[in-house]
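Following: one structure in C-alpha cells, then a few remarks.
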Amino acid sequence: MMTYIVQTTNLTKQFDKYAAVTNVDLKIKEGEIYGFLGPNGAGKSTTIRMLLGLMKPTRGQVTIFNQDLHKHRQTILRQVGSLVENPSYYPHLTAKENLEVLRMVLDVPKARIMEVLEMVRLTHVANKKVKGFSLGMKQRLGIAQALLHQPRLLILDEPTNGLDPEGIIEIRQLIKKLAEQGITIIISSHLLSEIDQIATTIGIIAKGKLIYQDSISAMHALAKNRLGIRTNDVNQTQQIIGGEVEGDVVYCTKYNNRQVATYIAQLVTANIDVYRVEEEKHSLEAIFLQMIEEAEHK
Amino acid sequence: MMLLMKAELAKIKRKGFLFLAFLGAFGVVAMQMVNYGVRKEWLMQQNPDYWQYYLLNIQSFIPIAIVLGGIILTIQITNVEEETNAWKQQLALPISKKSLYLAKFLVIFVYLILAASLLFLFTLMYGIFLDFKQPIPFLTIVKESFLPVLATLPIIALQLWISVVSKSQTIAITIGIVNFLLTYSAFSFPEWVPWRWPYLGQPLFNIGLGVVAGALLLIVGMYDFYRKDAK
Amino acid sequence: MIGTLIKAEWYKLKHHHIYAILIIGPLLTLLIGMLNPMMGDMGAYHPWLSLFLFMNLPYALLFLPLITGVIACIICRYEHQAGGWKQWATLPVTRTQIYVSKLILIALLVLIIQMIYGLVIFIAGTVKGFDVVFPYWTVGKFIIGGWLATFPMIALQLWAAMHWRSFAVAFTINVVFTLPSILAINSERFGPFYPWAQPFFAMYVDESMSGMLFIPISQMLLVTGGSFIVFLVLGIATFKQKAI
C-alpha cells in the first residue's frame, strides 16, 4: 500500500450555502514538491487552512504523517512549517525578535534564528523593525518563520506573491534546495508557470473541486503536439495522410520527420497544392485553461 | 466643508455612532430609572422640589457620559482610517488636511448634540412618567442637556488630537481614562480646573472658557496634524 | 507549555510602553486622593485609612475595571495587526493554551499595577510623615482582594479584544458594565451581586472585617468566581470556534 505524507479524504468546507471546497482528495508523497494550482478563489487557501487546522472541515478527513490531524494536531504541527497567504508578523518587533517569539514556543536552539535569516537573505536587516520592511522582505521573513523548527513538511501559500523577479528566482532556488534535503513541500499558486518550473507533482483545483492530480511529467504528456497541413483540397489530403479535418486544415497526431517528408511527397505527387505545414504546440497553459473552463461549466 | 462632513458621515456608517449617541443619553437616564425604581420614596423625601432633585441626580452623570462618549467617538472616527490604512489614501486626495480634521471634529460635535437632544427627550419622558405633579421646568432641562457639551469641548478636542496623532489607540484610550477619572473626581480640584467645567458650577464662566479653550485646542491639534507626515 | 507561552507573550510586549500604563493609575489616584478637600477634614482619624478611603474609590471603582480592558486590547492588538492570530494558531499549541497564556499575562500585569499602587501609597504616606505605622496587613488584603475581583473583567475584556479589532467596541462594553457600579455600590441589596462592583468592595477598608479579604469569601466565590467562569468559558469557546 502506498503511503502518503499528506492525504485528505472527501475534504469539504461549506460556508453557509456556498461550498468553498468539495470532496478534495489530496495525495502527497514524501519528498515531493506538490504544486497546488488554481485560479484565485478556487479554494486553495481554504484547503490549506484546513490542512493546518486553522479551519475545521465541514466534512472529510485530513491525515498528515499517517496521523489524523483532528486528533494529533499538536504532534503534527510540530513538524510542519507554513506561510499562509499574507505573511504574519509583529510590526513593532525586529526580524530577529519576531523569530525569537516563535523560537520560545517551538523550543529550538537560538543559533537557528541566524541560520534561517541567512537562508532567506535577511541577515542585514535582522535588527530592523518589520513594519519598515518591503512586501518581499516580509514574505521572506514569513518563509524564515516557517523554516525555524526544521519542519518535515512545508506549506507555502502563494509564497512569491509580491516578490520582484529576482526574489522569485531566489525563493525558487531555496525551495529546490529544501526539497533536496528531503523536505516535502506544498506550494500553492495561481500561476501555472510558477508551478511548472518547480513542482514534481501537480494538483489543480477549480471551483472547490480537485480536477487533476498527477506527476508533472504526466501533465506534460497531455500537452500533445499535432501537425496541421493546409492544402487546396481537404478531403483528398485526408484520404492520403489520414488524420482529422478541422475547417480547411488536416491534423495528424502521430508523426516524425521521416513521415512528414513522405506526406509532403505524396501530396505533391497527387498534384495537391500544399500551402502550409505547421506544428501546433498545445501548451500546458492551454490544457490548464481548458481544464478550468470545463470544471466551471459543469 | 459640508461635502467633507458628508464623506465622514458616510465612512462611519455601521460604526455604531447612532447607537452610541442613544446609549449615552439613555444610559444617563437609565441610571435614574434604576435609582428611582429602587428607592423612589426615599428620593422624594430629599427635596420638596421633585423635578429639581431629579434633574440634579441626572446631572451628576452627564459630564462623565459626555467625556466617555467623546473618547469613544474620537477613537472610532480616527479608527476608520487606522483600520484600513486609509490615511495615505485620504491625504492623497485634493482636500486640505486641516479641513479633514475640522470635518472629523464637527461630525463628533453633531453626534454629541444629537445625544444631548436624546437626553433632553429621555429626561423629560422619564420625568413625566415619574409623575411628580409639579410644573415641568422645560428651560432647565434644555440647559442641562445641551450646555455641558459646550463646557466639555476642550476635553473632546484634546482627545481628537491625541487620537489622530498617536501611533496606537491604546494611548488615546489611556489618556481618555485619565480624563474620565479626573472628570469623575473633579470635586477634588479647584473651580478653575477644566474637568470641573462640565458640571457647570458657574455656567457662564464654564461655557465661555469651554468654547474658547476648545477652539484653541482644536486649532492646535489641527496644525499638529497638518504638520505631521501621513502614517 | 503555558509558562513558555507567557514568556513569549511578555516578549511580544517589547517596545510597547506598557510601563506608563502600569504606573499611571496609581499616580493619578494618588493625586486625586491627596487633593480631595475632605482629606484635610479627617482630623485625627487614622491617616492611612483616610488616604485609602479617598484613593480606593476612584481607583477600584473605575480605574481598575477600565484598565483591564486597555491591557487586554494591547495584548491582542499586535495579533490583529498582521496575521498574528494565524501564525500563533499554526504552532503546536492548543488554542486554549494561547488564550489562557494571554489571560494569565493580563492578570500578572494587573497584579503589578496593584503592587505599584501599594508602593505609591506607602511612599506618599511616608513622605507626608504619617505618624501611624503602615498597615501592611490591610494593604495586603485589599491589594490581593482587588486583584482577584478583576478576574471576571479580565476574562470578558480578553474575549472582546480578541473578537473585535476595534478598541472602541471593547472599551464601550467595558464602560457600559463599569459605570453602573457607581450606583451599585450604594445599594446593599444589589451591590454585592454586581461583578464590576467587586473590586471596590474588595478594596473598601472595613476594620470590622476580620476575614482573609474585605468581602465575604462566599461572595467572592459566587459573584467573582461565577462570572469569571462564565466569561472564561465564553472566551475560550469563541476562540476555539474562530475561523482564522
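Please read every residue number as a count from 1 along the shown chain.
Note: Cβ is positioned from N, Cα and C throughout, glycine not excepted.
Caution: TrEMBL annotation is automatic and unverified by curators.
Taken from TrEMBL, the feature transmembrane segment applies to C:18-39, C:59-78, C:99-124, C:136-160, C:167-185, C:213-239.
Tallying C-beta pairs under 8 angstroms between the transmembrane segment (C:167-185) and each of C:18-39, C:59-78, C:99-124, C:136-160, C:213-239 places C:59-78 first. Residues of the same chain lying 6 or more positions beyond the ends of the transmembrane segment (C:213-239) and with a Cβ under 8 Å from any Cβ of it are 95-96, 98-100, 103, 141-142, 144-145, 148-149, 151-152, 155-156, 158-159, 162-163, 192-195, 198, 201-206.
Against the transmembrane segment (C:59-78), the recorded stretches C:18-39, C:99-124, C:136-160 differ in Cβ pairs under 8 Å, and the greatest number is found for C:136-160. Non-local neighbours of the transmembrane segment (C:18-39) in the same chain are 50-51, 54-55, 58-59, 63-64, 67, 70-71, 74, 109, 112-113, 116-117, 119-121, 124; each lies 6+ residues outside the stretch with a CB under 8 Å from one of its CB atoms.
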